[in-house]
Structures are given as C-alpha cells and as structure tokens.
Amino acid sequence: MKYTLLFFVLLTSLCHAGAPDRDDGYRLWLKYDLINDASRRAAYARSAPFIVLNSNSPVLKTAAEELQTGLRGLLGKTVPIVASAGGKTGGIILKTDTSLPQLNDEGYQIRSQPNITISGKTDAGVLYGAFAFLRHLQTGQPIGNLALTSNPKIRVRMLNHWDNTDGSIERGYAGSSLWKWYELPERIDPRYRDYARANASIGINGTVVNNVNASSRFLTAEYLEKVAALANVFRPYGIKIYLSVYFPAPKTIGGLKTADPLDPEVNKWWADKANEIYKLIPDFGGFLVKANSEGQPGPQDYNRTHADGANMLAKALAPHKGIVIWRAFVYKADGKADRFKAAYDEFKPLDGQFEKNVIVQVKNGPIDFQPREPFSPIFGMMPQTPLGLEFQITQEYLGFATHLVYEAPIFKECLDSDTYVKGKGSTVAKVIDGSLHNYPLTAIAGVANTGSDRNWTGHPLAQANWYAFGRLAWDHTLSSEAIAREWTQMTLTTEPPSVKTVTEMLLKSREIYVNYNTPLGLSRPWTGAHFAPEPWQNRSSRPDWTAVYYHRADSTGLGFDRTTSGSNALAQYRPEVQQQWNNPETCPLPYLLWFHHVPWAKKLSSGRTLWDELCTRFYTGADSVGWLQKQWAQVKKDVDPETFDNVAGRLATQQKEAIWWRDAWVLYLQEFARQPIPKPFKKPDRTLKEVKESVQVYLVR
Ligand code: GCV
C-alpha cells in the first residue's frame, strides 16, 4: 500500500512536470509561442538568419531586442544581432532613413528580398515596423514578398490612467495601480517595461500616469523624480509621459494666494514648474486637465474661460514643445438643463481661441461613456480647434471586468459617424486625424483598463480592448473583425475554427450587452458604482445623477425628448444629422430613446410596439449570454486551461447578472407600460420588490 501510494505520487508529479505551462495571461498578445507548423517555421527562419543593427539608438536597440525575443519564441532559436551583414544576404535590416517620402514621422516600411528591411523615418518608426513584422509572423502570413507601408493617422496616441497616489484606480477593475509610487524612483518594477513593450507593440506613444481628478502632489519635487524614473523606462519604447494637473496647484503647493490664469505670478509659477519638469524629463509630453468639472476647480472660479486656463498652461509648456490636453467633459449642476448639451454650450463659443499647442479632448458621446451614445456634437462644430477623442477602455458602464464586451465596435461607431461639418463624409475620424481641418496636432486617448492583476485586465478577453484601442489609434480604418481575429491569433489560439468562434463572440458581445442593459437608446440606469441596475433611482444631490432623469419613463411612454418639443439638443448637430434623428419614424432604433419620448404602444420600424421591442431585446440579450457560453465551450481544446476556466467563470456570472438586468428593467418599466410580457417570453421569477432588495444588498456590500 505504501509503495502504491509512493508510485502514485511520483506518477502525478511527473505528469505535472510534463504538462504545458499554464498561461496566466501576463504575456498578452506578445506570447510568441513556438509556431506549430515546422515548414512555416523553417521558411521564416531561412529569411531571418540574423538581425542587423548598426546604431546605438536606444529605440533601435529596443527594436532589435524585441525582434530577437519574438523570433526566439516563434522559431525556437536565437537569431543573432550583428552590426553588419558582412556581405551576406537574407537577414533583417533595421534602418532609419529620413528620405522615405511615403512615410510620416512614425510610419514604417517593410520590404523583403534580398533582405528584409524594416525602415522608418525615425527610430520609433523602425520600432513599430519591428512589431508589425512580428505580428505578421504571429498571424501566419507569408513573408516572401513583403511590401508593407503604414503610417499612424493620429500623432498622439495615448492611454489615460486614472491612478491615484495611494495605488487605487478610479474606475479600475483589474487590481490596483501598476505604479508603485512608494517604491519609485529607487526600485523599478520589471512590469513597467512590460507595460511599455505592450503599448509600443500597438503604436501607443504617450501615457498620462495619474488621475484627471488630480492630486497636486504629482507636481512636487518628490513625485516628479518618481515620474522621471518611469519616463526613463518608457523612453526606449518611444513612449512619452504626461501628467494630469490640479489647476489650483500654485495655491496648494506653490503658496500663492490665487490660481487665476491671468495673474502674472501664477503664470510664472507654471513656467517655473515646466522648467523644473523638463530638466528632469526632457521629452515630457505635457499636461492633461480636468477643470470646472464634477467639483474640480478651474479658471471659471476666477471668472475666466476654459481657453484662458488652457492658454496659460500652453504658454508655460511651449518653449519645451509640450502640449496641453484640455478636457471638454463639463456639466453644471442644473437639473432643468439637459446635460447632453452642457459641453457644447461651454466649448463651442471658444472655438478658435486656444493656443496652438492646446488640444481639446472630447469624450466620444455627449454624456459619459454609455454602452451606446450618439457621437458628441462638438466634433461637428469646432472646426478651428484641434479636437482629441477620448474613449474609455476600462468598463465603467460595461459590466466592469466581469461582462464580456469587445469595444472595437463602440470605437468604430463613433469614428465612422458623419458629422457633416464639411459635407457628407466628414467623419469624426477625419475631424480628429486632422485631415478635414488640417490640424497639425492630433490626439486620441483611451482610459486604461490595466491594473496589477497578473493578466493586466481582469477579464482575459478585455485585453482585446486595450489592443483594439491601440490598433485603431494607429489606423482607424481597420475593421473590428480584423482586429479581433488578429488579437485572438496572437493571444489565444491559431486554430482556425476556434479563431473564428472567438472572433464571432467578440464581435457580438457589445450588442448583447446593450440589449440586456440599455437597448434602443436608454442610458445611465445606475448610480454610485455604475454596476447594478437601478432604473428606479430618483434621489440624489443632483437631478442629473438620478436614473429617472435619463430615461423619463411615465405612463405615456419612455425616452428623453431632445427635439424642438423637448430640450432641442438635436440643434447642436448639423442639419443633415438632425434630419436623420429628428423624426421618431426614421430615427435609427439604436438611438431612438436618446432623442424621443416614445408612446408604449407606438409601432416601431421593427414591426413591434415599443413595449414589445424592449422586452424582445431584454430577453434575447440575456439569452445570448448563454450563446456566448456555448461558443466558449467549443474552444476549450484550443485554449490554455487557466484562461479557459477564467473566462468560463466570468461568463457564468455574466449570465446571472444579465438576467438580473433584464428582470430589473422589465419589471420596473411594466409599472408604467401596464402590459403583459409578450410571448414567447416568460414573466421573471421574482417581483420588482425582490429585485430592488437584491440591488440594495449589492450596494451595501
Ligand atoms: C475621473 C465619470 C466617471 C468619473 C470620472 C469622470 C471623468 O463621471 O464616473 O469617475 O472621473 O467621468 O471622466 O472625469
């Protein structure tokens, strides 16, 4: 018996030793697992016997090392980095070449035959080319006749971290902050470099490391040293560091009596601060500012405008070529006003009044990162001001890190929206990439979904959102599908049927979420943590922080009237856009309740009444999570077991919560609509009172 047990222990430990390493998701899309197909591996290896690097540039060195790391994994051998080809052909040559007319500053070109030459006008361009070449191999494409040219369409492609000095992250769902402020600048966590690698691989070239609800501590000498230490890690990856600033910092840490942007002493304080920063961080990117918004102080406290505030900071940064990114996310506590209109009302009159190194950063929609929003009207109405676009990658309103929502379709929906500012085809993408109004300064930002969780994003599939943001920031013409497929192949599996299945899951996930959460243009059915359903919530310190303010359910119907008979927010759009959305008969169903108060019995273009259509969406949305689960079960054999279990568990929770959302909405709205649940759907098992209690428990917890 003793020997049998010993034998069993030995056998299981041997089996375990031989089992493939479990993948904890840390490597993201830079896994570089050995290519299974030996002939493809051999073909790649023949084309890449060595890497030629003839430069001391830190960024080029990074490019060579990244290539070496990637090839080591994919090909199972170390490809040497050499200073010269020594007359041999067939290697990979990394080359900065300022004479390439088809490239912009960070673009790259890859040509094969006889050598594979990866060139850029700048070292950063070569680095992006190196990652593009690896991506080509990871996605199994031939390299015999390479002729790739790619230029980023937007200059500043950045992540915004809403991270605080105490390590917490506002709206972060994947652990705590990546930045260990208490250890910096002395200890450099190796993870900082891995963060930079991941970003550079998708073309991100800037990062704002602290929360827009900013602490002035970040501008103290103590913190600037810490920030400089991070900048040193990011620099070889072509990434610049930026800081969110607290507007009254001249008072809080500078000892001045005022932070008035027209006060000479305040101006001097900021100019001195900029000098201090650039001494430590010569390539510092600039400031991001949230001012006079949600309780944050700003220039209006001194009867000055947003332009006055932004321009003062811009002047301080201009000698160093730094920029100011001034956010347009503002809304006053006026319950009678329509919050939808607030940002436009404040910013439109300032068009053309900003300094050249200011960019106004606008959220994709007029409210706040809802699961579906129409594009912000500002994009069509400020032609004389460079506008940056802010997306939210972290899933504040998208089920945190539990629900699967692939966000590329959200990003694309906004980018492809037509503002008509210069006639048909004036998409948001063309506004923000500068091509429509010839802005030299262009920017796009994503509020990061990263954190200290080992797999970076909590939900393993939420990595695809970070990835998709970067790829679209580089090239907004890429399709959601192509990005999903690419990410799946690089991260999860290269087996074609499973790649297809996961790609389909990702592509459908956003619409599924919208259906059980906020269909037909509903918005903000929650308060507080932004997670649990609370469409009944009607009390708060501000009316626009209640749920009923947004959906306006009553005995006659549902939805916010933003036509001329209501708030007339539609007037903020160009006439061509107004025409599409103004008429409830022709307004596309996904936006219907954003703009119209629709009677319950109204027949919609789908052929169903409003009530029936809502129920259909709530029920099919919740049911579709079951479909996601079934799809995921099919890929089990091709996906790492740890990742598989992790996603399966989260989908099970999502299924439960989707039904919770459905029940909450249906039972609540039924009190106004006074109609039965249409067939074939079944009445929820619980009562409205029970759902409310379950939400209450959630909120207390
Ligand atoms: C950083 C929303 C979020 C806030 C966030 C704010 C903003 O209101 O709930 O957490 O604050 O947007 O974008 O400034």
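Cβ from N, Cα, C; glycine included.
So that you can see what the record holds, here are the features copied from TrEMBL:
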type	residues	note
ACT_SITE	E294	active site, proton donor
ACT_SITE	D368	active site, proton acceptor
ACT_SITE	E396	active site, proton acceptor
DOMAIN	28-132	domain 'Alpha glucuronidase N-terminal'
DOMAIN	137-456	domain 'Glycosyl hydrolase family 67 catalytic'
SIGNAL	1-17	signal peptide
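A map of TrEMBL features onto the structure.
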residue: E294; record: active site, proton donor; contacts (Cβ under 8 Å, 6+ apart): N213, F329
residue: D368; record: active site, proton acceptor; contacts (Cβ under 8 Å, 6+ apart): F329, Y397, R524
residue: E396; record: active site, proton acceptor; contacts (Cβ under 8 Å, 6+ apart): R171, F369, H530
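E396 (active site, proton acceptor) falls within neither a helix nor a strand when secondary structure is assigned with DSSP, and so counts as coil. Mapped onto DSSP classes, the domain 'Alpha glucuronidase N-terminal' (28-132) shows 38 helix, 18 strand, 49 coil. In the predicted model, the domain 'Glycosyl hydrolase family 67 catalytic' (137-456) shows an average pLDDT of 98.
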